[in-house]
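Over in TrEMBL, the protein carries these features:
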TRANSMEM  34-55  transmembrane segment
TRANSMEM  81-100  transmembrane segment
TRANSMEM  112-131  transmembrane segment
TRANSMEM  169-189  transmembrane segment
DOMAIN    171-327  domain 'EamA'
TRANSMEM  209-226  transmembrane segment
TRANSMEM  256-275  transmembrane segment
TRANSMEM  311-330  transmembrane segment
Amino acid sequence: MVVTGSVTTLSGKWANRIESVGNGGENKRFTHPFFQTCCLFFGELCCLFTFKLLYRFYNYKSKGSEDVRELTRGNRNFNPLYLLVPALCDIMGSSLMYIGLNITYATIVPRLRAAVIIFVCLFSICFLKTFPNSRELCGILLIASGLTLGGLPDFLSRETSRDGQSRNIITGYVLVLGAQIMTSIHMVYEEKFVTRQDLPSLQAVGWEGLFGFSSMVLLLLPFYFIRAGPPVTQRPGDRLEDTIEALKQIGNSWKLMLTIFGSTVAVAFFNFAGISLTKELSATARMVVDSMRSIIVWIGSVVFFEQKFHWLQPVAFVLIIVGMCLYNGIATALVRKRLGCGGASEEILEVRRRSGSLHQT
C-alpha cells in the first residue's frame, strides 16, 4: 500500500513534467488532470473484471470455495448504488489533486492527506454525532502544527518569491486541501453506510471504478468544448480537457505512456490494499500506514523533481505521523500493552469501533 500510493503520487507529478508533441505539432507539457482521473478509475474498474474472473475460476474449480477464498469471500449481494457516492467523491477529489499537482510540489499531497483526520473529526461531529476526546484533540493539534510547519518553507523560499510562484503554491495547497475534504466525506459516508456490510474488497473497488469511469467518460465530452485557463490549463482559452490531445501526447512519448500505465495499475493495487486493510484491521490503521508514504514521496521529490530541502520538512512529517498515531490511539495502546495494562485491548477495540471496522454479529 505504501509503495503503490507513492508510485501513484510521484507518477502523477512526473507525467505533468513530461513534454510531448500534441495538437499542431507543438511540444508542450502534459496537463490533463481530468483525463488522468479517468485513467485512475479505469484501473479500479479492472478490479471488477478480476473479481468476476476469480469468482468463476474458484466456483469452477471447487463449488463453494469462492465463499472462503480471501479475494472473493464476503457479502456479494448488495446494492451497488451504495458505492456511487464514494465514486463521486473520488472524482472530485482526484481531479482537484491532479490540478494541484500541476502547479505545486508532490510532497503536499501526502502531507495534506493528514488533514483528512481533522475533516473526518468535524464531519463525524456534524453527521455521526461522535465527539473527540482529549487524546484525539491533542493528536489533531499535532497534525495541524505539522501541516503548518511543513508548508512554511514553500511560502518563505526566496526563490519562490523571486519567481512569482507563491500564488501558484497557495492555489495548489487550496486545491489539494479541497481534495482531502472530499476524501473525508468519502470516509464518513463509508463508515455510516458501507463498511459494516462486509463487501469483498476487489468487488467494492471495482464498482467504484465502474461508476467513476462511466461518469468521467460522460464528463470528458462536454469538457472538450468548454474553454478555461490556468491552473486547469496551461494557457487562457485552452479546452477544459482535450482528450484527443492527451491521447496524441501519450502516443508520442514512451515515458508518458509508461507513467500513465504505472499510475493506473498502482492505484488499483493501492485502493484494493486500502479497503482490505480497513476490513482486516481498521480505517485508522489504514490512515497511519498511508501516512508512511509521505517520507517516500518527499525523498522522491527532492531527488527527482528538484524540490529544495529544508530541515523543517522532516520535522513536520514526524509531527504529523506522531499526531496521527496519537489520534488513532495506536501509541497509547502499544504503551499500555507493553506495560501490561489490561486496558490496552479495550483501547484497541475502541479504536476499531470508532473506525467502523467491527462488523455487527
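A Cβ is built for glycine as well, from the same backbone N, Cα and C atoms used for every other residue.
Note that TrEMBL annotation is computational and uncurated.
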Problem set entry | Outside the transmembrane segment (256-275), six or more residues from its ends: residues with CB under 8 Å to it | 1, 4-5, 7-8, 11-12, 14-15, 18, 20, 30, 36, 39-40, 42-44, 46-47, 201-202, 204-205, 208-209, 249-250, 286, 290
Problem set entry | Mean of pLDDT values spanning the domain 'EamA' (171-327) | 78
For this session: Please figure out which one of 34-55, 169-189, 209-226 racks up the most CB pairs under 8 Å against the transmembrane segment (81-100).
Result: 169-189
